[in-house]
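Have a look at the structure below before the remarks.
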């Protein structure tokens, strides 16, 4: 029944992944050890998309946990939800990738990858009808970025016709862990463009801004950031996990969201974002939700969509809401801001409704947009990449692991191509497409 196998790689990927499983297991009425005490049929109906039932109402996540060092794994295993995961599905090395993409992709990671693929294969075999994979990782480190992208391409080889969705945390200038992040991120984007079907871009900088501005947290921890990411992941996947009409699996989401195969980098947002203590003091209405959801301050991707245009976007509302009210609101937003949507894709705003609200809220809305302004993210990384690469700074760490400078040049030009493709479609208008055939004919006649 339309299963999804989840992989989490590297420290960031594992922490985000753990938060995601915590969120969705409580939404489906599972306790910390995976025993089911669901109160409604809706919680049970599509449980097997993410969970495998192993007798007497115990459910185990279809999750594969990967890292090149044991630290994060030990933390998850000894954490509150450690007993949820299947012990054989923890695959880890002893060395660490040391924030070096080449180590994750070519040396250390390559030694571990066959072991991981075995576990993935076993998970896939226990599915009735596997729809695809999702992976949580960061693009700035060594394991999540290097080994994460290696896993994606290996899974692509083995399961060429299955969907591949990634939740990728991009490095941000304000919150930098290591100086080589621009290298790691560029090399990763180079891989994601080719091998992933949909990439949800999440940005630490935007998450920090939300925590400090909206949630009024003076010094947000990674726990707070991961809480935000898991909320948005739960919102995106709600249409896979609960009965609904629109975007009910990964492929349908991609069909609605990806007009050109390379342009599959989405920005995500969520509403209502209220600080933990203030939730109970206000009732949300659909107009308020919609307003908040289209507010650039609610985006978890640090680029301003007002600088670009939406090719497509999709909104998932959750809770007891009338479909008509949602449609009216979305229509009015679309009409008021029609300049922000390309006019050559009609009906490019999709809405879905799921009647099960997230824990602790009456209603919520999750936003996924394919906007041309996502090029700002890549631009930021590219500028930093170029500054270092011109001087060949830190390159010896990568060439020492057997990489070639050529690969950096290729990755850089692939990312530049991606940015110019976004730019081209941002500027395209309806009339562009119609003029070209005549222009070609005219040139042809002139030659004769």
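Glycine too: its Cβ is placed from the backbone N, Cα and C atoms.
Residues 429-448 are the range that Swiss-Prot records as region 'Disordered', among 409-428, 429-448. According to DSSP, residue 138 (GTP binding site) sits within a strand segment.
Each of the binding-site residues 142, 144 was assessed for Cβ neighbours inside 10 Å, and the highest tally belongs to 144.
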